[in-house]
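Structure, as structure tokens:
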Amino acid sequence: MIVISDILELKKQIGEWKREGLSIGFCPTMGSLHAGHMDLVETSKNETDKTIMSIFVNPTQFNDPKDFAQYPIKTDDDLRLCEEKGVDLVFLPEVKTMYPETKTPISLSIPELQKHLCGRTRPGHFEGVLQIVSKLFHLTEPNKTFFGLKDYQQYRVISAMVENLNFPLEVIGVPTRREKDGLAMSSRNVRLSEKDRETASLIPRMFALAKKTILGGEKDIRLWKEILRDFLLTGSSLRIDYLEVVDPIHLQPKERLEGEVLLAIAVFVGEVRLIDNQIITIPS
Ligand code: PAF
């Protein structure tokens, strides 16, 4: 496995692969890798010749400096996992490589898709994500790129950027990998205390309740949200950041329970912010 921190070295390797006619799959990450990230790698390995992973905790996408400071970093373990899984190249840049002080920053946004959910409660987050991901796309020149669907809004925002700016690549959403009790895997889960980890299991149980009440004939969106909120709030260390029902394409709030809806939540369990979502088909 090749590990590169330097942009010129990266471009040289990619140039060689391109000249050999090899296709490139790209999995951007912030490290602290778990089985969910490995699903991205496996999908990339099945669909492309060479798989590149970037590991970079991107400062510009953290609206809360404390969250950035506490973001777990496990580079040695990450590199071991990448090697085991057969990643071909890991790009591991430093902050000054991605954000040289001499450059004037750019801001990208897709306002319609950022109006709700994390875009509303984490101002500046998606601008930071779009800034780093667009840079990484230019540097790695992938044919396909792989994003976890746990971060559904991120997947939609990136897809819209690729479409709008004609990036010559395909964005592929990879289903969320879950723990035994259904909690979505996340690098943040390691920060949960034992008690908070138990409380976090209310999240998958809430999604189960959501489906059950829909199958039971619930039609009132306001009532539905209230039932789900009340259920979540039985966790004493749990605080709801948002619980929204939006349409899965434009991410605008739904007024009626019909068709396909995206039920998306963000909660704080103790100090740790967790997100999850599911697309639910409402029976007609
Ligand atoms: O999903 C993430 O880990 C990050 O937002 C990403 C896409 C690597 C950009 O920093």
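Using N, Cα and C of the backbone, Cβ positions are placed for all residues, glycine too.
Note that TrEMBL annotation is computational and uncurated.
The active site, proton donor feature in TrEMBL is assigned to His37. Summarising the annotation, TrEMBL assigns ATP binding site to 30-37, 148-151, 185-188. Feature annotation from TrEMBL assigns beta-alanine binding site to Gln61. Annotated (R)-pantoate binding site per TrEMBL: Gln61, Gln154, in sequence order.
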Anything within 10 Å of Met185 (ATP binding site)? Look among the recorded positions His37, Gln61, Gln154, comparing CA atoms, and list what you find. His37
Give me the CA-CA distance between His37 (active site, proton donor) and Gly148 (ATP binding site), in Å, as a whole number. 8
Sorted by position, what residues of the same chain at least six away from Gln61 (beta-alanine binding site) have a C-beta under 8 A from it? Gly124, His125, Phe126, Glu127, Gly128, Val129, Gln131, Ile132
Alpha-carbon distance [Gln154 ((R)-pantoate binding site); Ser32 (ATP binding site)] in Å: 19
Please check each of the recorded positions Met30, His37, Met185 and report the ones with a CB atom less than 6 Å from an atom of ligand 1, ordered along the sequence. Met30
Using all protein chains shown, find which of the recorded positions His34, His37 scores highest when you count other CB atoms within 10 A of its CB. His37
Around Lys150 (ATP binding site), how many other CB atoms lie within 10 A of its CB? 21
What is the separation, in Å, between the Cα atoms of Ser187 (ATP binding site) and Gln154 ((R)-pantoate binding site)? 16
How long is the line from the C-alpha of Gly148 (ATP binding site) to the C-alpha of Gln154 ((R)-pantoate binding site), rounded to the nearest angstrom? 9
Can you see whether DSSP assigns Gly148 (ATP binding site) to helix, strand or coil? strand
To the nearest whole angstrom, what is the C-alpha distance linking Gln154 ((R)-pantoate binding site) and Met30 (ATP binding site)? 14
